[in-house]
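What TrEMBL lists as active site, proton donor is Glu269, Glu507. The active site annotation in TrEMBL covers Asp399, Glu533. The annotation Ca(2+) binding site is assigned in TrEMBL to Thr622. Marked as disulfide bond by TrEMBL: Cys464-Cys493.
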Amino acid sequence: MKKGHSYEDHRDQNHSVRPLEKSLESYIELQKPNARISEKLLVLCTENGNCKLLKFFKFSSYRKIYGFAMGNQLGPVLAIFMTKMDGGVHRLYSESDLHTFIHSVDRFSSNLRLTHEREANASMQGLDIELTELFNMIALRGGLEMNSYYPLRLEIRAKSRRIFYLEQTSSTVKRVKTIPRSRDIAITEQIREAARHSWRAYKKCAWGNDIVHPLACEGSEWMSALLTMVDSLDTLWIMKLNVEFDEARKWISSHLAFNSTDPHINVFETTIRLLGGLLSAYTLSKDRMFLGKATMLGDILLGAFDGMSAFPMTDINLSTGKGNVNFLGELCLAEVATIQLEFNELSRLTRNPIYARTAAQVYKRLHELPKVNGLLPISIDHETGKSLSSRITVGARGDSYYEYLLKVWVQTGKVLDFLRTDYIKAIEGIKSSLVRYSKPNRLLFVGELDADGYFLPRMDHLVCFLPGTLAYGILHNMTRAHLELAESLMHTCYEMYNQTATRLSPENILFDESDKSTKDFWPASTENILRPETMESLYYLYTITKNPKYQLWGRTIMDAFDRYSKWHAGGYTGKADVSNPDSERIDKMESFWLAETLKYAYLLFDEDASSRFPLNKWVFNTEAHPLPVVSDPTSLLSAVYAQLGKV
């Protein structure tokens, strides 16, 4: 944080503050001449000496500021938290800073909390950063008429030991006149520019390739199927980047052929990224070329099912349609259980049940497998369909199984009851077997069980999909306790960003549960590769709760990406060590950066865009491709899944 002017410095530079200081001292003496050390005082004063005492705080209670205004012309305002009349934390606000603060509290939520109670010597600077971001975010919403907006200037005198919540005092106050709501134009444009900047790198350095490497300005292949281009289509459409969408559409029309002879193209990744991308592009644009390509790919992917097992093989040769499994015959739980949304949608659009029926058999077999408190191990034998180990995680190799239990149930008209039952039991199992709290600050996290059943306090960034899935379930009659779990885990996922030097999250975290711990977690692996899961969950939680802190957190993360991942010549890169701002870049821009991270960031802030995808009518696949929910219980999809429940 940039060093701010001290109160004394500002007083010397601006003579108009001198009467403010004098009137403030008089006001304090008049209102509370014998203030004790155990009390905190908050006073807001205008330049002309009009002061308002908001509340005296005691350590046993806390209050929240409610919006108010003192006249039409508000000059510089001094806000003071005090443990002594001559000390505390001094902050000087401009007129528009006060306006935006008033509006943020008045407009968004009576439950708004600016910061958690914290030790001053560790977190007072963090509090100022949070306040700065709150002001910045609210200012962007255009909620107040204001002549100008100035950056916050902050001065800390760390004599107080704790910062308290600010909670509502009175609703009988004069309101500041507001103007109609507007979209978050500045932040949405920032995100659109990030997408354009990313696309320019792909176009310049890797056009026609799967992956772009911005630093070397070159492309590479993985599936030889225009991966970044296809995966980005619906993001370009949603952001109204029409030129970019059209140039991608033309190239895909003439060059996408699925002719790679590599026998090890992953079925799961191909399904969620390519098939999902083509299906959503067709649904949004109604361009039948995309549906034709999707059908071609779907027919190839059916080759992963050999008829000997209900489960698909892990890999496929796209040119021959022949599937294969690794030499151990091992399947991954998440991979076999995360192709159903896409196969279902292809059946719906083509009116051909073969895709949905084939993929749905996986759920029947998984439902029959023995579970540990509703949870499944992550390794499955292809031939026998039995679990190969006892390792359980909601992170890598397990994550999207739990996500798709809920989403497939919703997508297909909620006709297959055991999907809902398995989902509810799984969440209860997560709560009883995997949820723990760190020390000293009790951050809720979701750990793992190793092959011997021992708990490991390790959490992948991938687990941060879970708050969003839990929140999505609230719209479909899941218990409110799921939302409480979602919000607690969401806070932890944000802190994984907030507590690093770059404000970027590491790939994996180890949490500390020991009583002697002074730090809640450490990176198990330090890299950041532009993952989307936290931004995804912020979108869901903001959409469902409308709590502005989720937008604030999203903006913080987006700003960190722009500062540490944006490459000046085009594109975004990973970061080798998030704890070191000067660490090397990882020269790769994953396709999910455009497909997921930026899409969810945009939907988090652009209410016009997000309103086109009401979550009772749409479901996002695990690559953030939106697919419609079936509304007719007699539809082909509902019939396929209803029949599965009878077998």
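Including glycine, each Cβ sits where the backbone N, Cα and C put it.
Automatic prediction, not curation, is the source of TrEMBL annotations.
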To see if you understand the setup: which same-chain residues, six or more apart in sequence, place their Cβ under 8 Å from that of Asp399 (active site)? Ala334, Thr393, Asp460, Leu462, Val463, Phe465, Leu466
Quick one: what's DSSP say for the residue listed as 'Ca(2+) binding site', helix, strand or coil? coil
Among all protein chains shown, how many Cβ atoms are found within 10 Å of the Cβ of Glu533 (active site), not counting that one? 25
Shortest C-alpha distance to Cys464 (disulfide bond) - which of the recorded positions Glu269, Glu507, Glu533, Thr622: Glu533
Anything within 10 Å of Cys493 (disulfide bond)? Look among the recorded positions Glu269, Glu507, Glu533, Thr622, comparing CA atoms, and list what you find. Glu533
For Glu269 (active site, proton donor), the number of other Cβ atoms found within 10 Å of its own Cβ: 17
What kind of secondary structure is Glu507 (active site, proton donor) part of, going by DSSP in three states? coil
If you count Cβ atoms within 10 Å of the Cβ of Cys493 (disulfide bond), leaving out that atom itself, what do you get? 28
Counting Cβ neighbours within 10 Å across all chains shown, tell me which of the recorded positions Glu507, Thr622 comes out on top. Thr622
